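*Asks:* I am attaching a structure below and will ask some questions about it afterwards.
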C-alpha cells in the first residue's frame, strides 16, 4: 500500500503541469525592452546601426574595409551559437545555458559601457578640419574584446531562447501542440519590436546624448531581464540534457561504415529497435524508418557479434538514432538556401546606409532621421507583416489548405525568397535614380554633400527586406525546430544563426571580389572606397538579384524533394494508460 502511494506521489510529481502560456512573460523577458535577448538587440543592433559611420568617419576606414569588418564580426558572432547549443543539448540544458550566457553578456555590456564613458578608453574628440586621432591598439583591444565576449554570451542565448520557449508547449498534448507555430510568430515579433527600439530610441540617444547612455540603458535592462528570467524557474518545463548529440551522430556513421559490406535486410521491421535505450531522446515521439539514405540503415542491422541488450553503439544503433542523422542530413540543403538571403540583407547595414547618408533625411527643418535609423522601416514592415499574417492571412489560407498554421513553413520560406529578390531588384533602380540626382545637381564629385533627394526613396527596399524576413526567417527558424530530432533542438536552432554567419561571410567575399575585379586603370570601381556617386552600386545589387533567382530555383527543387521527419508521436491517453498500469 505504501509503495502504491509512493508511486502515485512520483507520478503526480512527474505529471504536474509546467510550461504553457504562463511561462511566456518570463521567456519574452529575453525579448522585451527590459530583457536579455532584446537587450542584446538594443545594445548590439543599436551599436552596429551606427558602426559603419563610426568606422568611416571616426577611424577613417575605407568603405569596403569598414563593410567587411562589420560582416566579418557579424559572421563570427553568429558562429558561437554552435558552441552554446552543444553545451545546452549535451550537458547543461537550455535553462542553465541561458542563465550563464546571460551573465557573460552582462559582463560584456558593462565593459562596453565603461569604454564609452571613460575618456582613456576611447580616442579624444576632434572638431573642425583638424585631423582626428585614431583609436590606439589598446583602446581597440578593449572595444573588440568586449564585443567578442558579448558574442560568446549571445552564443548561449540565441540557440536556446527560441527552443526553450517552444519547449514549454507539449507536442503530445493536442491543446498545446498547435501553439508552437504561434510562439515562433510572436517570438520574432517581440524580437523585431526590440530591434525597432534599438534603431530609433537607442540610436537617437547615441547620436544626440552620448554613447554612455546609449549603452548604459540596455546594460541596466539586461540586468533586470536576468533576474526576471530566473524568477520563472519553478514554472518552466525543463528538457534534461541527454549527452552529446554529435557523439550519437558519429556513432551511427561509424557503425554504418563498419557494416558497409553487409546485405541490407529485406524487411525494415528487422532493424534494431530499443525503446528503453532511446527513452531519454524520444520523449515527444519516436522516429520511424524512412527509405532515404538506406546505406545508413546498416548501422541498425543486428549481427551475431552484437549484444542487443547492451549494444556497443559504435557497432549497433537503433532505428531512432539512425533517423536522427538522416533528419539532419535532409535539413542541409534547406539550410544552405537561406545563406544568400542573409547576404542580400547584410547590405542594409553597409551600402544602403551609405546611400542614406548622401540623401536628404529631414522630417522637418530642424530634425533629420539618423542614417542608422533607416532600418526602422525594415522592422516596421516585418512587424506589420507578422501581425497581418497571424491575425488574417493564416485564417484565409486555412480555407484553402486545411492546415492549422495556414501554410507550411516550406511555403512560407519560398514566399520570403521571392520577396527578397524583389528587394534587391528595386534597390538597384533606386540607386540609378539617386546617382542621376547627384549628376543633375553637380554633386557627382562631392561625396560628402547631401543630394536633394528624399531618403524615403529607400523605404521600398528596406520595407521589402522586412516583409521577406517575416516570411523567410520565421519559416526557417520554425523549420529547424520542427524537423530536428528533439534531443538536438538547440543545435538545430543554432543552424539558423550559422546560416546568418555564412551569409555575412559570403557578403564579405562578394564585396571583396567585386571591388577587386571591377576596378579599372582610371580608378573607377563598382564599389568605390570614398565616393559612392561615382560607383555602380546598382550593378552590385542586380548581381545579388541574379544570384537570388538561381537560389530560389534551387530552393524550389529542394522543397519539392524534401521528406518530412517520420515520427510516431505518443498520445496523452496512451501515456495515462501506461502510467496507470505501472501503478
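Quick reminder: no glycine exception, Cβ is built from N, Cα and C everywhere.
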*Asks:* Pick from 308-327, 328-347: which range does TrEMBL record as transmembrane segment?
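*Replies:* So the range that TrEMBL calls transmembrane segment is 328-347.
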*Asks:* With the ranges 186-205, 246-265, 266-285 to choose from, which does TrEMBL describe as transmembrane segment?
*Replies:* 186-205
*Asks:* Examine the ranges 539-557, 558-576 and name the one recorded by TrEMBL as transmembrane segment.
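*Replies:* Going through 539-557, 558-576 one by one, TrEMBL flags 539-557 as transmembrane segment.
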*Asks:* Within this structure, do the transmembrane segment (539-557) and the transmembrane segment (367-389) have 3 or more Cβ pairs under 8 angstroms, counting pairs 6 or more apart in sequence?
*Replies:* no
*Asks:* Between 328-347, 409-430, 450-474, 495-519, who has the most Cβ pairs under 8 Å to the transmembrane segment (539-557)?
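*Replies:* Per the Cβ under 8 Å count, 409-430.
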*Asks:* With a cut-off of 8 Å between Cβ atoms, can you find at least three pairs linking the transmembrane segment (328-347) to the transmembrane segment (211-236)? Only pairs 6 or more residues apart in sequence count.
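*Replies:* Output no: the transmembrane segment (328-347) is apart from the transmembrane segment (211-236).
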